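To start, the structure under review is shown below, and the notes come after it.
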Amino acid sequence: MTTICAVKHNGKTAIAGDGQVTLGEKVIMKGSARKVRRIYNDKVAVGFAGGVADAINLEEKFENKLNEYSGNLERAAVELAQEWRGDRTLQKLEAMLIVIDKDNLLIVSGSGEVIVPDNGVLAIGSGGNYAQAAAVALSEYSKDMSAGEIAKAALNIAADIDIFTNHNIIVEELA
């Protein structure tokens with residue numbers, strides 16, 4: 001399991017993810033997986049939570065949609081969600097994505113939804129609720145922090161609480 005958190009703050013966006021891969025609920029298989037990546041000529045970043053194979057499959061499909069729609073993040077996300085809803089094989093995938101560009105944060109969920117946040121913060125995964133609460137508070141009360149600093153701090157807070165999230169955090173910030 002893992003935690004991914006994305007933040008839009010002071011005109012920048014950032015996404016952070018930890019590196020823990022868990023087998024079932026008892027064994028940590030790996031602590032340094034990279035679940036946050038830049039794609040589309042480094043103009044978009046994506047983070048995933050859920051089954052690793054499922055998430056990688058969805059990430060590849062999203063990247064194909066992004067190329068098909070010339071980097072239009074919202075259109076690519078909506079098209080992936082429509083495909084996800086309509087394909088019985090995809091419906092069985094257990095993963096979620098957060099995708100960001102310099103202006104937008106979106107969740108693409110397993111039920112085929114595209115979610116835009118009201119408050120500039122999104123989080124998914126086992127520690128998502130903790131990370132989201134921390135990022136909302138930091139965004140509200142720490143105006144001098146960057147989006148990347150907020151996302152990383154939120155992940156560290158989640159890792160202190162959630163046993164399925166670790167402190168091996170990767171941050172990608174887009175300007």
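Counting starts with 1 at the first residue shown.
Placement of Cβ uses the backbone N, Cα and C atoms for every residue, glycine included.
What Swiss-Prot annotates here:
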- Thr2: active site (ACT_SITE)
- Ala159, Asp162, Thr165: Na(+) binding site (BINDING)
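Sequence-distant contacts (6 or more apart, same chain, Cβ under 8 Å) of Asp162 (Na(+) binding site) comprise Thr3, Ser126, Gly127, Tyr130. Within the same chain, the residues at least 6 positions away from Ala159 (Na(+) binding site) whose Cβ sits under 8 Å from its Cβ are Thr3, Asp18, Gly127, Thr165, Asn166, His167, Ile169, listed in sequence order.
Remark: Thr2 (active site) has Gly17, Asp18, Gly19, Gln20, Val21, Ala33, Lys35, Phe48, Ala49, Gly125, Ser126, Gly127, Phe164, Thr165 as non-local neighbours, by Cβ distance under 8 Å and separation of at least 6 in sequence.
Using the Cβ center of Ala159, Asp162, Thr165 for Na(+), the list of other same-chain residues with Cβ within 8 Å runs, in sequence order, Thr3, Asp18, Gln20, Ser126, Gly127, Tyr130, Ala131, Leu155, Ala158, Asp160, Ile161, Ile163, Phe164, Asn166, His167.
There are 30 other CB atoms within 10 A of the CB of Thr165 (Na(+) binding site), with all protein chains counted.
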